[in-house]
Amino acid sequence: MKSVDHPVDVLPAEHSAETPGDARASESSLLISETFVSRQGEGELTGTESVFIRTSGCNLRCWFCDTPYASWKPEGTRQTIEDLLQLVAKSGVKHVVLTGGEPLIAKGIVSLIDQLRSAGNHVTIETAGTVDPGARCDLLSLSPKLRASTPDAKDHPRLAKMHAERRLPINTMKQLIQSAEATQVKFVVDSADELPEIDEVVRQLEIAADAVYLMPQGISVEQLDAARPWLEPMAISRGYQYCDRMQIRWFGNRRGT
């Protein structure tokens, strides 16, 4: 897989739970953790060659986050919108995935999305759906965070409180769904006990069952294989879809994939 390497700028810890704090920040540049070309490994576009642009910084703190370098300890470099547009154009790939961290908290993200789409690219936004900056995309890949995603309150009291307060703004999510050309809703599932909560979120979002994907929490093939026997039939029983994490099967759990 092709990747773009840049010097790393680690954010101060006091900024790590918010929109990245940087005196140089402007709407013409974004803090980018990494960019790479790979195959989409999750959801309805699985197997599609895509340019991935991972923004750094997140307003949530899922305990199982598989990209802590973009959330718990965000790092990256400032890149201009023009730099990112040129990177996509040079790749020759027409599907772009904006991911994170949480891409929708990044200053300049709406302008980047608009310009990518104006250039003829298909844009997927991978988001937890906690904020709505007014972006329009081709595919909204919405990942609502369930109660079990909250970090341990004993170890991280401030972050646990922040996460719990922010993780599930249903009205904001519905606005994002209304603005997108298409939507898939992906739940990271750690236990069968979470099914009633998933059902309730789906009901509140008023989303079709076949647009809902249940994906195992795990960063190894062994974890994925252990979850599938109970998670796949659970998804089917509700008319949902089972979602594997093919990037882990193809490449392992590593950056740039």
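Even glycines carry a Cβ here, placed using N, Cα and C.
Binding site for substrate per Swiss-Prot: ARG39, GLN40, GLY41, ARG54, plus THR99 from the candidate set THR80, THR99, THR127.
Within the set 1-25, 151-175, the record from Swiss-Prot flags 1-25 under the feature region 'Disordered'. Cα-Cα distances to ARG54 (substrate binding site) place GLY101 within 10 Å, out of the binding-site residues CYS62, GLY101, SER143, PRO144, LYS145. Counted over all residue pairs in ARG39, GLN40, GLY41, ARG54, THR99, the record's binders of substrate, the longest Cα to Cα distance measures 15 angstrom. In sequence order, LEU60, ARG61, PHE64, THR67, PRO68, SER71, TRP72, GLY101, SER149 are the residues of the same chain, not among CYS58, CYS62, CYS65, whose CB sits within 8 A of the CB centroid for the [4Fe-4S] cluster site.
Near CYS58 ([4Fe-4S] cluster binding site), with the C-alpha within 10 Å of its C-alpha, lie none of the binding-site residues ARG39, GLN40, GLY41, PRO144, LYS145. According to DSSP, THR99 (substrate binding site) is assigned to a strand segment. Those residues of the chain, other than ARG39, GLN40, GLY41, ARG54, THR99, with a C-beta within 8 angstroms of the mean position of the substrate site C-beta atoms are SER38, GLU42, SER50, PHE52, VAL97, GLU126, GLN247, THR257.
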